[in-house]
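Data block below; observations after.
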Amino acid sequence: MSEKNLFESSATYRMACQQLRDVAKVIDLEEGIESRLMLPKRSLVCAVPIRMDTGETRNFIGYRVQHSLTSGASKGGLRYAPQVDLGEVAALAMWMSWKCGIMNLPYGGAKGGIACDPVTMSTGEKERLTRRFTEEVLSIIGPRIDVMAPDMGTDDQTMAWIYDTYSMKVGYACPEIVTGKPVELGGCVGRREATGRGVVYCIREALSELNLTPHESTAVVQGFGNVGSVTCDELAKHGTKILAVGDRYGSIRNMTGIDVAALARYANADPKKSIVGFPGAEAIPDAELLTTPCTVLVPAAMERQITKDNAANLKCRILAEGANGPTTPEADAILEAAGVFIIPDVLCNAGGVTVSYFEWVQDIQQLMWSERQVNEKLRELMLAAFHRVRKLAKERNLPMRMAALALGVNKVALEKQRRGLFP
Ligand SMILES: NC(=O)C1=CN([C@@H]2O[C@H](COP(=O)(O)OP(=O)(O)OC[C@H]3O[C@@H](n4cnc5c(N)ncnc54)[C@H](O)[C@@H]3O)[C@@H](O)[C@H]2O)C=CC1
Ligand SMILES: O=C(O)CCC(=O)C(=O)O
């Protein structure tokens, strides 16, 4: 694509496009479809004015980007973070399309965000922000159009406010408008844990391929929010020692192993939910977190954390991408050459959207599954996807990321062709 577009000022969007260009060559993607898939189907940018607790009015900027509606409703999280911009949300929406394709879910990809710092806002301010944003995007969301879920900085309470605001507009309770809701409002048991659980299912498959056991393995995790904390917990339950953890405020390390349950209690008691100051580990500079020697490194925070500047210093056997887009294409090449087993984001963190799909199906059918049913089905779908990607990687001698993207992009492209190219 030669013309400059609205999204290209974002390095994250340029990275998603680079990946698409690379995989387009691998799967011999028709040029017209490739250039369509570089762009989202539609994007909404809105002012979100709210009254702060001080009485002043502040205007935030909100985004909802729908990358593809070809395979069904578009699906993806809503992110509250200071750096959110249109390009970042567009990249995340594109990755959602490939993720849903890899998992064979009947969805296109979408993502939303509001540029704000939820840590500094009161519950009332976040509620007003969420309700006003929902009003602003009403015309482009719906249970068959676009279904939101939690992402960085949002949670089940955020989804409850969206559900309530939407239901008041349409005049009936409509739980299928969002997933990741509180269980008592039609949320799915196991959704909160689903992304981290999915990450650990993938890690265990990779360990077994490398003839390693969880017990003899160690892990380092960047991010201790939804994805990072559940990943730590699940790894620890399987006997893997967590050596170091980092968050937005700092990093900690204990080479004899961190007590994950105690760390979770400590972080939960902190207003910022931070791990900094945890007495069972020592503080380390952030730069040392990712380069701590370990079996498995799990970035579970932000995009573009592993770059050409630090990739060569990583000392892990497996890179399990809990976060979306944590590794740049330049870093990918360095890690591939070093023989690191990469479990790419669009596969590794797909457990979240998979259980979101279970939640949506339950809400539409008005029946509830047990936690055992949810977890068994999640495991079955994650393992099947892992081995589909692995098989293609081996057959075609592709890096895992290219194999995963090939499956995801191909599914969307095929559906476009069957429907008549550009629906
Ligand atoms: N929540 C979900 O179900 C899913 C989330 N993801 C992705 O996983 C990642 C994390 O999301 P959540 O755990 O939901 O978010 P969260 O808001 O629950 O937690 C984010 C964590 O990352 C830390 N963090 C933020 N900026 C950081 C920085 N610059 N350096 C180090 N740590 C930093 C925060 O302090 C916090 O511990 C994001 O990339 C998100 O898109 C992917 C799939 C599903
Ligand atoms: O659960 C969902 O619908 C989306 C989760 C998400 O935002 C993601 O996988 O990045």
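Cβ from N, Cα, C; glycine included.
As annotated by TrEMBL, active site, proton donor applies to LYS111. Using a 10 Å radius centred on the Cβ of LYS111 (active site, proton donor) and all shown protein chains, the other Cβ atoms total 30.
Non-local neighbourhood of LYS75 (substrate binding site): MET96, CYS100, LEU105, TYR107, GLY108, GLY109, ALA110, ASP146, VAL147, ALA149, VAL353, SER356, TYR357, each in the same chain, at least six residues away, with C-beta under 8 Å from its C-beta. DSSP assigns LYS75 (substrate binding site) to a strand segment in the three-state reduction. What TrEMBL records for LYS75, LYS99, SER356 is substrate binding site.
ASN226 (NAD(+) binding site) has a Cβ environment of 23 other Cβ atoms inside 10 Å. Under the heading NAD(+) binding site, TrEMBL lists THR195, ASN226.
In the three-state DSSP scheme, ASP151 (site 'Important for catalysis') is classed as coil. Residues or ranges marked as site 'Important for catalysis' in TrEMBL: ASP151.
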For ligand 2, pick out the binding-site residues LYS75, THR195, ASN226, SER356 that have a CB under 6 angstroms away from one of its atoms. LYS75, SER356
Go through the recorded positions LYS111, ASP151, SER356 and pull out the ones with a Cβ less than 6 angstroms from some atom of ligand 1. ASP151
Considering Cα atoms only, can you say which of LYS99, LYS111, ASP151 is the nearest neighbour of ASN226 (NAD(+) binding site) among these recorded positions? ASP151
Close in space but at least six residues away in sequence, with Cβ under 8 Å from that of ASP151 (site 'Important for catalysis'), the same-chain residues are GLY76, GLY77, LEU78, ARG79, LEU92, LYS111, GLY113
Check LYS111 (active site, proton donor) against DSSP and tell me helix, strand or coil, would you? strand
Inter-residue C-alpha distance, THR195 (NAD(+) binding site) and LYS99 (substrate binding site) (nearest angstrom): 13
In DSSP terms, helix, strand or coil for ASN226 (NAD(+) binding site)? helix
